[in-house]
Amino acid sequence: MRTLWIVAVCLMGVEGHLTQFGDMINKKTGTFGLLSYVYYGCYCGLGGKGKPQDATDRCCFVHDCCYGTVNGCDPKLSTYSYSFQNGDIVCGDDDPCLRAVCECDRVAAICFGENMNTYDTKYMLHSLFDCMEESEKC
């Protein structure tokens, strides 16, 4: 519980994109958004290496790969526009870079929702020492 409190305090100052991504995750999973995924497995959170631990972690791996294809803005800092329409996430930017970032986040949030049955608390706050296998290519 103390660890979740520390993570929550660290995220309180987060503006823009991470807040938006967390909102998408919350809507698609009914969880606490980023708090549920920030240090999950080998790929959720900052960085990533090794082999994804399960389908949920693979969502983060694919998300990292998606960010790697974005050109023209910083995916982790860019603020984009989106809405929820009939339960679907709709990205609304005309700017191609912002739209691409939104699409990466949209696909990841949907992936989390579709793979909630693989979410395993043993991978929360997962040590990167357990992620030493050779990383897959995007």
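Each residue, glycine too, has its Cβ placed from N, Cα and C.
Here the structure is a predicted model, which means the values were calculated and not measured.
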Request  = Please name the cysteine among Cys10, Cys42 that Swiss-Prot pairs with Cys131 through a disulfide bond.
outcome  = Cys42
Request  = According to Swiss-Prot, Tyr43, Gly45, Gly47 bind Ca(2+); so which of Asp23, Asp64 is the extra one listed there?
outcome  = Asp64
Request  = Look at the disulfide annotations in Swiss-Prot and name the partner of Cys59 from this list: Cys10, Cys111.
outcome  = Cys111
Task = Quick one: which of Cys65, Cys66, Cys73, Cys91 does Swiss-Prot link to Cys138 by a disulfide?
result = Cys65
Remark   = Disulfide partner of Cys97 per Swiss-Prot, picked from Cys66, Cys73, Cys104, is Cys73
Note = Other than Tyr43, Gly45, Gly47, Asp64, the chain contributes near Ca(2+) (Cβ within 8 Å of their centroid) the residues Cys42, Cys44, Leu46, Gly48, Lys49, Cys60, Phe61
Task = Please state whether DSSP places Tyr43 (Ca(2+) binding site) in a helix, a strand or coil.
result = coil
